[in-house]
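Asker: I am attaching a structure below and will ask some questions about it afterwards.
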Amino acid sequence: WIMGHMVNAIAQIDEFVNLGANSIETDVSFDKNANPEYTYHGIPCDCGRTCTKWEYFNTFLGGLRKATTPGDSKYHEKLVLVVFDLKTGSLYDNQAYDAGTKLAKSLLQNYWNKGNNGGRAYIVLSIPNLDHYKLITGFKETLTKEEHPELMDKVGYDFSGNDDIGDVAKAYKKAGVTGHVWQSDGITNCLLRGLDRVRKAVANRDSSNGYINKVYYWTVDKRASTRDALDAGVDGIMTNYPDVIADVLSESAYTAKFRIATYDDNPWEMFKN
């Protein structure tokens, strides 16, 4: 999965997919009542990027729905996965459940079109704080209450705080999560970070009793770091330059081992060669 980083304006969906992304990451900020409010990152952000592009969250979902609904004039067949980077740092811990509830209602209405031919992309809820695991509970219980529990088949999870892998496993246990887990690791492109924790995550993914289904690394903009991440065995790379990742994937060293994921590749299943 080539994951376009910080896609917060509707116009950027086309831009990143046209550069080669089959997945995008979108920032979601919340108001003080835990309503998802804007797709917005703010300053500071990655080096070389404009930090302040934004839409209202529900407006963005409408654009995203069009981009992922077959038959729509804006449809991109290859856009198959969306990571919502949930900026829950502005919330109190006890608001996490409410944030999950409100997020589910927004997606149900504006993205899934109440289950009636809505957008088809797989969704990853990426949460920065392990203490906010109840966001997952709130999300799940709301879809059940709204009589669309089947939509959870399209939803996965990530804790993005680079926490100890054992601690992440405990948070999933509390949230009752037993699958659909993406594990992120990384740092802003302005700084360097080694691959030690990525290797631990990959080892967990590949073990018989691990909790991780997929591993992605962020934010990778250079060919050398792309090769290092691929050599470590990641499933996804988040980038500001999808064309760079696509270029490296077309090198002879990688064409035999990797291919770009399509809609038929289940993002919740471990890839077995």
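The chain as shown is numbered from 1 upward.
Quick reminder: no glycine exception, Cβ is built from N, Cα and C everywhere.
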Asker: In Swiss-Prot, the Mg(2+) site includes Glu25, Asp27. Which of Asp46, Asp72, Asp85 does it also list there?
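Answerer: Swiss-Prot lists Glu25, Asp27 binding Mg(2+), and from Asp46, Asp72, Asp85 it also lists Asp85.
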Asker: Do you know which of Cys45, Cys47 Swiss-Prot records in a disulfide with Cys190?
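Answerer: Out of the candidates Cys45, Cys47, the one Swiss-Prot links to Cys190 is Cys47.
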Asker: Across all protein chains in the structure, which of the disulfide-bonded residues Cys45, Cys47, Cys51, Cys190 has the highest Cβ count within 10 Å?
Answerer: Cys45
Asker: Between the recorded positions His41, Cys45, Cys51, Cys190, which lies closest to Asp85 (Mg(2+) binding site), Cα to Cα?
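Answerer: Result for Asp85 (Mg(2+) binding site): the nearest of the recorded positions is His41.
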Asker: Same-chain residues six or more away whose CB lies under 8 A from the CB of His5 (active site)?
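Answerer: Residues satisfying the criterion: Glu25, Asp46, Arg49, Trp218, Thr219, Met238, Thr239, Asn240.
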Asker: Checking your reading of the structure: which of the recorded positions Asp27, Cys47, Cys190 lie inside a 10 Å Cα sphere centred on His41 (active site, nucleophile)?
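Answerer: Asp27, listed in sequence order.
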Asker: Filter the recorded positions Asp27, Cys45, Cys51 down to the ones within 10 angstroms of Cys190 (disulfide bond), Cα to Cα, kept in sequence order.
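Answerer: Of everything listed, what lies within 10 Å of Cys190 (disulfide bond) (Cα to Cα) is Cys45.
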Asker: Would you kindly give the Cα-Cα distance separating Cys45 (disulfide bond) and Asp27 (Mg(2+) binding site), rounded to the nearest Å?
Answerer: 11
